[in-house]
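The following features are taken from Swiss-Prot:
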BINDING   213-221, 354-359, ASP438, ARG457, LYS555  ATP binding site
REGION    284-354  region 'SBD1'
REGION    355-417  region 'SBD2'
Amino acid sequence: MVFSSPSWVPRIPCEIPDSIPVGQFALEGNTSLPPQCGGRPPFVCAITGKSYSTKVLVDRVEFLSRSLAQELGWSPNEGEPEDKVVGIYSWNTLDFFALCWAVHRLNGICLPLHPFSIVPEVVAHMKRAKCRVIFTCQSLVANTLEAARELSIPGDKIYTTALPEAYLQNPEPIDQFKSVDQLIAEGEKLQRLPPLQWEKGRAKIQVAYYCATSGTSGKQKLAKITHYNFIANVMQVCMHESYAKNGRNEIAFGAIPLTHGYGLNIGHIMVYRGDTYVICPRFDMQLMLKTIERFRVERLYVVPPILAALAANPFLLDLHDLSSVQATVTGAAALDRSIAAKLNKLRPTWKINHAYGLTETGVVATLTSPHDVWHGSSGSLLPSFEIRLVKPDGTDAEGLDEPGEVHFNSPSCFLGYVGDDESNKNTFDEKGWLKSGDIGVFRKSPNGHAHLFILERIKDMIKVKGEQVLPRDIESVLLSHPAVIDAAVIGVPDELSGERAKAYIVRSKTVMEDLDEDDLADEIDEFVQGKLHESHWLHDRIVFLEKLPKSESGKVLKKDLKAMN
């Protein structure tokens, strides 16, 4: 059975544009809004209050593209897009989207690099993407220089974005690198570039972003998201939400890195429909609460751990005037229904909505509507999205309450992975539908509409604050410690982070034998912290065993470890 969006969801009323870049689509959508809907600044800095009008944003994109064309020797209609890849390794800035769209103006591809990424991850992504140009911010200059040295990228191919001065603490000197503002000032004096010459259908094959994702196979990959994929998803989300929004514009706050698919998606949507997106460099609870009061924020785009923190610490809700908030939208991880219910009790006027999707689906596939909230579900399908639930025997689920692996069909689904033919073969089924690796089931809401519930992931991946963490990455580090002879890692529930990694270890009887288990656990925890970033840390979640439960073939029985927990 093929599941589609409920009858109440408006259909996309026109053909999805396939001959323009996604930035041009978003900006043209904004400038064509009726006067009562337009005029709002698309982006506002949460710290300084600085903003640009849509007209100024359009100019900044154009000026920046001219300057980059001169700096890099690129022309809009010459050369291959794969040879024009620009990495963006930065905390959120006001010019993030101007930079992305300037690269697209030159027929290039953006490589968003998560600011939490450690140097080896940055190097791996840039190498796979054949990226030779990078923009960074002051607090990440040291990491960027280390990555550039390893990749033999010269200093004149490193540029900087601007973080608010009030936000910076002991910033690295960056005078030797040209900034976005300098490039824009130079570009204003240069001749206008020739327009992009895209034939019909070009946006379907032209990659806009190489987005990093852990993927369903358990290894980190770069997903090729086309301009058409993003345009389609913007239209899908906007049509789904139009049922409840009634053309009303909103001021929204995003607590997500713009380099994440979720953040990228929201930014394009905000501009297209004339909303205002208040941006902070990185999430800070106090800053978010102050920002809500200062800018009268109506909608919060967050990840579940943020709502969990608010539900667990109700006093936070009374520190500032949050009366403007009407809705929250969570994504990137599942929101536990108990947390939603608790927050709903604390703030009954807030509509707590959830979105579900993958980087590979162009981000959003299902979304809760304010008129049909059902805590624990992932909401209803967007228009032009189809899902099949494939059972272990390969047949499709034939109705409600019958689980199976979620397979997607949508104009927003990605092209494939960069340089990974094996994963590409395994990612699509025999019908060409995208396999999610998630087990889901459709159930009928109290209002009578089909909602998708995600039951579990097929693989052993752990989701920490929306980030997918691979147990084997932690296991590999543990096994490199001299006092560890065997190790296995599972995910365990965590109220604030969704999940956290927990390690079961068999210790050596001859190395560090003078340490008791508590001291050795502390030593191993510090060892892991020195090798991996925060989402992989173990803290007190280390248990010592005499031996790990294993099958006859030697495979660790993680289900037994989960039963112990």
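Note: Cβ is positioned from N, Cα and C throughout, glycine not excepted.
Taking all protein chains in view, 20 other C-beta atoms sit within 10 angstroms of the C-beta of ASP438 (ATP binding site). Under DSSP, GLY357 (ATP binding site) is assigned to coil, being neither helix nor strand in the three-state scheme. Restricting the average to the region 'SBD2' (355-417) gives a pLDDT of 92. Of the listed binding-site residues, namely THR213, HIS354, GLY357, the sparsest CB environment within 10 A is found at THR213.
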